[in-house]
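Student: After the structure tokens below, expect a handful of questions from me.
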Amino acid sequence: MMTAALISNKPEFVKLFLENGVRLKEFVTWDTLLYLYQNLDPSCLFHSKLQKVLAEEPERPVCTPPAPRVQMHHVAQVLRELLGDFTQPLYPRPRTGDRPRLLLPVPNIKLNVQGVSLRSLYKRSPGHVAFTMDPVRDLLIWAIIQNRRELAEIIWAQSQDCIAAALACSKILKELSKEEEDTDSLEEMLALADEYEHRAIGVFTECHRKDEDRAQKLLTRVSEAWGKTTCLQLALEAKDMKFVSHGGVQAFLTKVWWGQLCVDNGLWRVIVCMLAFPLLYTGLISFRERRLQAGPGLPRVRAFFNAPVVIFHLNILSYFAFLCLFAYVLMVDFQPTPSCCEYLIYFWLFSLVCEELRQLFYDPDEFGLMKMALLYFSDFWNKLDIGAILLFIAGLTCRLIPALLYPGRIILSLDFIMFCLRLMHIFTISKTLGPKIIIVKRMMKDVFFFLFLLAVWVVSFGVAKQAILIHNESRVDWIFRGVVYQSYLTIFGQMPAYIDGVNFSLDQCSPNGTDPYKPKCPESDAVRHEPAFPEWLTVILLCLYLLFTNILLLNLLIAMFNYTFQQVQEHTDQIWKFQRHDLIEEYQGRPPAPPPFILLSHLHLFIKRVVLKIPARRRKQLKSKLEKNEEAALLSWEIYLKESYLQNQQYQQKQRPEQKIQDIGNKVSTMVDLLEMESLKRSGSMEQRLASLEEQEFLFSGRSKSHGEPRWAVTLHLPAAQVAQTSRALHWVMKALRDGGFGSEEGIPAPAPQKASEGQDLEPDGRQEEEDVGDTHHVNARHLLYPNSHVTRFPVPNEKVPWETAFLIYDPPFYTDDRKDRGLVDPVGNALEPLSGISYNAVDGPIDRRSFHGVYVVQDGLPLNPMGRTGLRGRGSLGCFGPNHTLQPVITRWRRNQDGAICRKSIKKMLEVLVVKHSLSEHWALPGGSREPGEILPRKLKQVLRREFWSSFQNLLTQGTEVYRGYVDDPRNTDNAWIETVAISIHFSDQSDMDLKRLNSHLHACDPGMSVRWQVVDRRIPLYANHKTILQKVATLYGAFY
């Protein structure tokens, strides 16, 4: 049944089987995998690739027993083409008569997650080739190669090495999309590849938030299940730029780039210590390890010069010195007999050749010479290096022959250009110049294709011009000049001579074409010495040529350049971070000494590899193999965080408006069906009772049954009509929701009235909660007594709050508090002259006077409250006219008991919120409020946090979730000044979160009259009313009790 559900692509059945105890470890066997691959969808691209591999398989001898055509080593061969040659085969080629069995030599660890044991990760074939058989991996690959999205999603949720699995899926799909001819299938594959890249990013983000060191181990851990590769290598081969540009990956690359040095060392310190290494003993450079920081000098010097950042800058200085010496020899000291400086260049170049050979033969992963050669020459910069070296050897050969001294100098001069172009590779580490180099490389491709179009016009015009003007030119060099060279220069404004007959002169040309330094004269009259060619025709040809080349083609080239620039500029940061890895990896494995001193390192390497036969070792920072116990623990931690990621994704999916509408639609449809069934039951029961009453009446009255419907039948049928009417009302609600909340009230069917006692929602104290649904105006802002003053507001009834409603007797008093911080507030008084310099609905200096509710009205030089009248003019005790922006961070955590379990009430989890309170106030408040101009944190929050934690809390704010943005119904609001806030939720779901521990350790009330504490979230909490509204939104966000 499970196999049939997989082959027929029934993800619901597969999910049902997994939820009801089907264990993939027991289900996926070698025979099952063979059967699945033998029943691949014939339309999928992988099936055709597998058939090509089978077609290349040699024929089996007749005496050997028949075997199934598709074998797992055939599948492994195709998968290796898709994943890349850097991976090992996922399934080995079995020996004759052998079939791999599942032997489990594993450590004494029993970890079981979702029915798949980690013990299944370590398996060995009976042959000599070690392999792993992970059932989830095998089914995931089978689903991915057929582009079955839902099935692959279910299986990936069961995976163990989930980050590597997601990146491998992305790589497989991108490789398959390159050969897919169907456009729809191609787009689906790329979309699915992007989805799995986002899943890898999501899980890695969860891991990086919890533990940076463990997350970095996941990047460099050798995954036995995926061909002995790493997550980082998979992401690079798949060109998953978003994953590589993740902050956690970049932090790891920066750590590798700086070696054992601290990453906060300034670059100027590194350069100074490079030039004067004794400064290392002064503590100018800081190291990550304490033993290096406080230890003896020699290990410190060794650690400094082995850092890739130091090796990189040493090579830059060396390369610049080489170019300067090369230029000096070419321009000043190029003698028939090589000078000392020239011999030094030869020695220097020899060291560069040795380094290129080391890179070519460096094979720590035992890929083989052919594979390493392919990898080496796949890099553009390596090709440029080889070209420059070969050109130098050619120039040197000519230079050493006395007769070819000058051609040798020319070749070496051209070679100098190639060595200078090599400098661009050095600039890839720069965040500013690196993406620009990518733009230049792509623009070169644009120019290459543009030259084909340009060549058509240049050659056509040149040949026509040459044939019209010149008769039988036999000199090849002058034909090339007339056809190509002069036509090309015409584009840039150098007009050809004689084309219009104005500058015709026999002194500037050769009549018979015998002078090698002069062009042949155009067609002319020998008697009158005037041009005989049709001038009107040549002028028309020239105008048309300039029209198409100068205006059309050159502008087309500019447009192509602009498109390329915009395309790269949108992803500048990702491109730079992605290409940064190649340079870091190159210098992380390069010897510390720069050329020409690198020859000493090469000599040492030659002795170790050739003489002593010591094998090469991979740097552990980019690829490391963990112990099985450590790997099992790391994978179990990754699985735990993957579950957390999936739960967050499900929650976010439920919070989407489309999903909410769909859920409401399902509920409404269910309610309608139930109501219709109930109405049918009631009507059937009433009809039976009616028939019985009529029969009794007939028996008592002794007359025949009336053919009309009894009088009480109308009342008995009323519930059914009411149910039908309710059903139509619910359908209208559903339609309004689907239309985005806009609907006409004319079509609303009015439900029948019910008794007041039915359906009432009573409060716990037995009283019904009274709500005026139509009263959406501010209430607190209309309290008669303005806070902290003796000013009384003008009474404003509900119906007169909107400014659109006429209120002829409205005469509110004007009040502006005279605050102490006059430099930070608007002027006092109702005079318009001091207020004329205020710019409303804009950023006015350090004050943002824009409203979240759009553009507000300014009347008589003062802004009007967008929510309506308040009964008081002026700015009151607020700081400025118009919106006063505040920030309310809502810091929450789960309430836990002594055992660490989350407390619950009414099935829902309980929250705790961080609140503050002044000694003169009766209410607690959220630790937010107004901010100083240019500051991020509110003043109230700074009073309860130590200064050293301010920057860390700013990072928490950027990672938080915004729960509200808009107007606040505050008693301090007036007609001309009001408060608008942004509420950001910062939730700590894990009690062992390091940020939570640091926050608790840095809580400190600077003011003795201020208190700070964690308060249980409840509707009865003594909190300000507007803060309660925000807190209720946060509780709803996390599904917590309120």
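Any Cβ shown, glycine's included, is placed from N, Cα and C.
Copied straight from TrEMBL:
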- 760-773: compositional bias 'Acidic residues' (COMPBIAS)
- 893-1037: domain 'Nudix hydrolase' (DOMAIN)
- 742-774: region 'Disordered' (REGION)
- 266-287: transmembrane segment (TRANSMEM)
- 308-331: transmembrane segment (TRANSMEM)
- 383-404: transmembrane segment (TRANSMEM)
- 447-468: transmembrane segment (TRANSMEM)
- 536-558: transmembrane segment (TRANSMEM)
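Tell me about the setting of these features in this model.
Tutor: Outside the transmembrane segment (266-287) by six or more residues, the chain places 260, 293, 297, 300-301, 303-305, 309-310, 313-314, 317 with a CB less than 8 A from a CB of the stretch.
Note on the transmembrane segment (447-468): residues 479, 482-484, 486-488, 496, 499, 523, 533-534, 537-538, 541-542, 545, 548-549, 553, 556-557, 560 of its chain, located 6 or more positions outside it, place their CB under 8 angstroms from a CB of the stretch.
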Student: Looking only at the domain 'Nudix hydrolase' (893-1037), report the model's average pLDDT.
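Tutor: Over the domain 'Nudix hydrolase' (893-1037), the predicted model scores a mean pLDDT of 86.
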Student: Who are the chain neighbours of the transmembrane segment (383-404) in space, where the CB to CB distance is under 8 Å and they lie at least 6 residues beyond its ends?
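Tutor: Distant Cβ neighbours of the transmembrane segment (383-404) are 336, 338, 346, 349, 352-353, 356, 377, 410-412, 414-415, 418-419, 421-422, 425.
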Student: Please list the DSSP helix, strand and coil residue counts for the domain 'Nudix hydrolase' (893-1037).
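Tutor: Across the domain 'Nudix hydrolase' (893-1037), the residues distribute as 38 helix, 50 strand, 57 coil.
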